[in-house]
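What follows is a single structure, written as structure tokens, with notes after it.
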Amino acid sequence: MSGTRRARPAFGAAIASSPWVVVSIGVVVMVVLLVVALGAARGRRTYADIPPPDATMSLPGPPPVGTSGAVSSSAAAPVLPGLSPRSTVLPGSPTPGPSGTAGGSGRPLPSATTSAAPAPPPAPSPVTGRYTVVNTFDGGFIGEVRLVNTTGGPRGWTVRLTFPRGRLVTSWVDGAEQGVGTFADGVFTYRSGVDLAPGASVPLRFHVEDTGTTRPADCAVDGSACSGL
């Protein structure tokens, strides 16, 4: 027992005589604690500390086989992060420019030309007229327009003759009530005083002078041309 008691003082004396042993043990303990602390801190890292995955761009696939027509404009193209979408404007038809040109290029647009339909001929007058010259003399003549009512009812009538010039001396209707005759600017006009009976015929005669001719430039009954010219 005396020997054991002597060994304890010898161990303590060895530690006291070698202080670097204590320092080395302390350094080892600190290193172990530091490693443990770093491992715990690394395990507590949040999901926010993890960098985001790289952005990937999805490319549009090919159109289905057998379909025709333009792609719908409602399908939006994928947009990359940080990039603004670009609008795509499809080419349209050229708009007419100023002064009727296509797209302002100065080329005139073809104009649609429509030909007017010819006016239908006037309907024949129900009262017809035939022009003749009854008598001629120096400076004048007597002419006649024989009127015939071709309808089944009584009809009034108006005769119109055109001469280059001249003056009216007198006019009358044989065998019927008289009408009204005028002559102005070479135009002789006579309106019946009474309707002509169905199928009846009367002569209108007139005495004109200084006309220069016995043939009128125009003769019409109710707008229809006379015969005999």
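The first residue you see is number 1, and the count goes up from there.
Cβ atoms are placed via backbone N, Cα and C, with glycine included.
TrEMBL: automatically predicted annotations, no manual curation.
Pulled from TrEMBL, these are the features on record:
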{"type": "TRANSMEM", "residues": "20-41", "note": "transmembrane segment"}
{"type": "REGION", "residues": "49-128", "note": "region 'Disordered'"}
{"type": "COMPBIAS", "residues": "50-65", "note": "compositional bias 'Pro residues'"}
{"type": "COMPBIAS", "residues": "66-85", "note": "compositional bias 'Low complexity'"}
{"type": "DOMAIN", "residues": "118-229", "note": "domain 'CBM2'"}
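If you average pLDDT over the domain 'CBM2' (118-229) in this model, you get 93. Taking DSSP states H, G and I as helix and E and B as strand, the domain 'CBM2' (118-229) has 0 helix, 61 strand, 51 coil.
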